[in-house]
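Below: one structure, written as C-alpha cells.
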Amino acid sequence: MSSMKIAIAGASGRMGRMLIEAVLAAPDATLVGALDRTGSPQLGQDAGAFLGKQTGVALTDDIERVCAEADYLIDFTLPEGTLVHLDAALRHDVKLVIGTTGFSEPQKAQLRAAGEKIALVFSANMSVGVNVTMKLLEFAAKQFAQGYDIEIIEAHHRHKVDAPSGTALMMGETIAAATGRSLDDCAVYGRHGVTGERDPSTIGFSAIRGGDIVGDHTVLFAGIGERIEITHKSASRVSYAQGALRAARFLAGRDAGFFDMQDVLGLR
C-alpha cells in the first residue's frame, strides 16, 4: 500500500498535535500539510516543533495549497472552519476525516451532501471503545425501553466550548433510534427550578466542565430497585487519533460516500 498523504487541520491545538504525532508514527502515512487559523502565532513554525522534530512541513493558513498536496485531510476544529475546509476538499477531491463537534442539522446536511462527491468519515467520536459502547447502548435501550428512566451524564475539560458533547448527543441519538423515536422529540437538556415530575419518555442530558477531563460519558438506566450504568472514560486523546487514522485507511480506494465510525469498524 502506498503511503497516505495526510494533512491536519487545527494543527497547533491539543487534538491537532496528537494527530500529527500519530501520523508521524504511522508506517503507512506521510504528513504533507498542517493547517492553522489565520493570525496564529505558530504560523510558519515546523509542525513537529512541539515534539522536538523537524518534519519539513510548516504550519500554514493556506487551505488551497494544503489540499493541492494532500489526499486526506483530518479535521478536528470548529464547524465554521470545517465547512471552509470542506469546500476546498471538494474542489481538490480530497478525502475527509471529520471529528469536529457542534454542527447544526443544516450543517450536518452539508456534510452528507458532500459524500455524494468525495469520500468522508464523520463521527463525533473516533474512539473504538466509544463506538463499541454505542452498540451496547443500542442493545440496552431495547431491553430497558419500558420502566427505566434514561439519563446521559458527560464531563469534559474546562476549554470545551459546546454542550452537550457530540458523543453524548450521539449516545442519545443511538438510544432514541433503538426505541423508535427522534432525539429532538424526547431530549431534555439540563434542569433548573421547579421542573415537575420526570416524564418517563424523555432522555435527560447533564454536562460537567472542569480541569483537564478528556472525556467521560455515562448512560444511566434507572429502574425501580436497580440501576444500570454504561460508562466510557477517555484517559488521553490517543484513542481519537488512532481512530482517525483507522478512518483514513478505511477511505482508501473509495471515491465517494458518507460514512461514520460504525462503518469503519464494521459494526452495522
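From the backbone N, Cα and C atoms, a Cβ is placed for every residue, glycine too.
Note that this is a predicted model, so its numbers are computed, not measured.
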Swiss-Prot annotation, NAD(+) site containing Gly10, Ala11, Ser12, Gly13, Arg14, Met15, Gly99, Thr100, Thr101, Ser123, Ala124, Asn125, Met126 - matching residue among Asp28, Asp36, Asp87: Asp36
Arg14 (NAD(+) binding site) versus binding-site residues Arg37, His157, Gly166, Thr167 - nearest by Cα: His157
Ser12, Asp36, Thr100, Ser123, Asn125, Lys160 screened against Gly166 ((S)-2,3,4,5-tetrahydrodipicolinate binding site), Cα within 10 Å - retained recorded positions: Thr100, Ser123, Asn125
Candidates His156, His157, Lys160, Thr167, namely the recorded positions, that fall within 10 Å of Ser12 (NAD(+) binding site) by Cα distance: none
